[in-house]
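As structure tokens, the structure follows; a few thoughts come after it.
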Amino acid sequence: MMRARVPLLLLGILFLASLSASFAISLREHNESQDNPFYFSSDNSWQTLFKNQYGHIRVLQSFDQHSERLQNLEDYRLVEFMSKPETLLLPQQADAEFLLVVRSGSALLALVKPGGTIIYSLKQQDTLKIPAGTIFFLINPQNNEDLRIIKLAMTVNNPQIQDFFLSSTEAQQSYLYGFRKDILDASFNSPIEEINRLLFAEEGRQEGVIVNIGSDLIQELSRHAKSSSRKSLDHNSLDISNEWGNLTDIVYNSLDVLLTYVEIKEGGLFVPHYNSKAIVILVVEEGVAKVELVGPKREKESLELETYRADVSEGDVFVIPAAYPVAIKAISNVNFTSFGINANNNYRILLTGKGGPTGKEDNIISAGINPDVLGLMFPGSGEDVQKLFNNQNLSHFVNGSYHKNAQPQPHEQEQQKQQKGRKGAFVY
């Protein structure tokens, strides 16, 4: 997925040529999070759908309501689930496909299908797809560790996603209760009084959709659980790894989603890159990082570029549109999970560093563009530009402190002055 096509290379170079060291001062900068259409703060972007002493369910603000620039994500939502030890999320189904990742802890996930119930044993970094309309329930089998899960929800009924619970609790009503008496007694072949007593009576009703359960039930379900058919983002399946970071990719072709897990060491840099087709939803798990994204100015008639910056930490979300160059620098050890929408036939294009996972291949810029063309694109000679692009010996993750504490040299200051007022990408 890392091999680029020439038009994509040229697009990336147009963006790259608009950057000077530290991104040229001609670019309008967005350092304030409230002015950044791609940034979702953990403090005020999550809405709590349900909460009790056993856990909570939260949903991220809808992308299209957050910014008109995220309209393409109107059919997607992020859901966070947390439960205490020895608890059960009651059976439900939804009018959406789910792609879940276990952020911490372990889980038993039961999928109730026409051919029978399948119970999966999931551990940290395991992922699984829940098909739309499938009845499922979720258990935290541990006795001393919370379970945390992040889910990408993909609706099949616009515009909202609806969870349907079989049973009534103090928090919500069973959807069975919506049917008329004559439909219920005929369907169950039982008097309505018995149906009301067994299914709808307030006595014995659970307080909420997350409930405490006993160890006997956990042991019984665990005996029938299997770990096959699930995929993992753990260290045993790394695609990219060096001293500064690790990366794992999993593509769910049926969902057209690229699932990625990234770890960056403190001081490390995920070099400037972009995705040719995928819109990436980045969810920070742990640590702190600085994200810099370069894209068109918001005014449609403008040809200038903007730099969107954000300091992200646990629970924050950042959206990276397709073809927008981005760089991520770790302030502390940081890790995050990302969901790439439109993953099929997507390429991750590195703008600097070596292009291959082993670091032995030439980077795609110098390998894909003739030195004579490079000489026409940049002020330096084609050979010198090619050498510059080949200076970095690592792929994806590098030491991010090479220019730390360095002051701009006179020629750098002059270059910044010359860049001021220039236009950026073509917008049409």
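Keep in mind that glycine also has a Cβ here, set from the backbone N, Cα and C atoms.
Quick look at what Swiss-Prot annotates:
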- 419-428: compositional bias 'Basic residues' (COMPBIAS)
- 38-196: domain 'Cupin type-1 1' (DOMAIN)
- 231-386: domain 'Cupin type-1 2' (DOMAIN)
- Asn31: N-linked glycosylation site (CARBOHYD)
- Asn246: N-linked glycosylation site (CARBOHYD)
- Asn335: N-linked glycosylation site (CARBOHYD)
- Asn393: N-linked glycosylation site (CARBOHYD)
- Asn399: N-linked glycosylation site (CARBOHYD)
- 399-428: region 'Disordered' (REGION)
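Here the Cα atom of Asn399 (N-linked glycosylation site) is found 11 Å from that of Asn393 (N-linked glycosylation site). Ranking the glycosylation sites Asn246, Asn335, Asn393, Asn399 by other CB atoms within 10 A of the CB puts Asn393 at the bottom. Rounded to a whole value, the Cα-Cα separation of Asn335 (N-linked glycosylation site) and Asn393 (N-linked glycosylation site) is 23 Å. On the backbone, the CA of Asn393 (N-linked glycosylation site) and the CA of Asn246 (N-linked glycosylation site) stand 16 Å apart.
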